[in-house]
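Input: a single structure, listed below in structure tokens.
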Amino acid sequence: MATYFFLGLLLTAVGTSSSSSASDLEGTWTTKSRQVVTGPGFYDPIGDKFLEPNLTGISYSFSADGHYEEAYYRAIANPQDPSCPKGVMQWQHGTYTVNSDGSVDLTPIAVDGRQLLSDPCQSSTGTYTRYNQTEHFESFAVSVDSYHGVQRLDVKNFDGSPMHPMYLIYKPPQMLPTQTLNPSSSSKSKRQVEGGTGGRFSIKDLVSREKVGDPNNWLWLGIFMTTLGGITFFRS
């Protein structure tokens, strides 16, 4: 009996051991819906538009040579009117550095980031803008998830709060080209988008798929309010 007990402890220790070296970050990571994934399936730099996933979530990709890409698709709860949430899609890419203390700094290419904000109870059009937000992760850890049996990435934000866990879906990562994709001289400015991304960004559908009462949506309200400060509006 004691043998089985200690064997169980050993297996648990192996399943939950984690590491936090720069090489462990390499790959494309996504939250449990596995629908939001970086790369050409989320943002089209040629058409300069978003492509709406079937479910909400976040995704980060890290290359071995120091480049990263991120994709966000979230519903933002409205405390004053729970039946009237906002929707936000965000994309940016750039370079990252893993510091000696285990923290990570992400520096985006300022002219390339994009955000689409939809507030259907205020307007039938979404607002499409350039987006630029540097990020700092206090720490990260990569382990084998004991339930799903796949590699899992746990990240703590700059203030120590945990992000939603992400799971490895591609290695090498699935990313768009890492150079500047939208030079400022040729990129579009803030604009109104009828129906979101070519008619696909449907916040009402989003609410029916992922209920606004989900506590995860309320958690992201605070994150949204923080990152909103990073939006750069630019001339039409």
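Note that Cβ sites are derived from N, Cα and C of the backbone, with glycine treated the same way.
Swiss-Prot has this to say about the protein:
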type	residues	note
COMPBIAS	178-187	compositional bias 'Polar residues'
CARBOHYD	Asn54	N-linked glycosylation site
CARBOHYD	Asn132	N-linked glycosylation site
REGION	178-197	region 'Disordered'
SIGNAL	1-22	signal peptide
TOPO_DOM	23-217	topological domain 'Lumenal'
TRANSMEM	218-234	transmembrane segment
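Asn132 (N-linked glycosylation site) sits 25 Å from Asn54 (N-linked glycosylation site), taking the Cα positions as reference. Of the listed glycosylation sites, namely Asn54, Asn132, the sparsest CB environment within 10 A is found at Asn54. Summarising model confidence by region, the topological domain 'Lumenal' (23-217) averages a pLDDT of 86.
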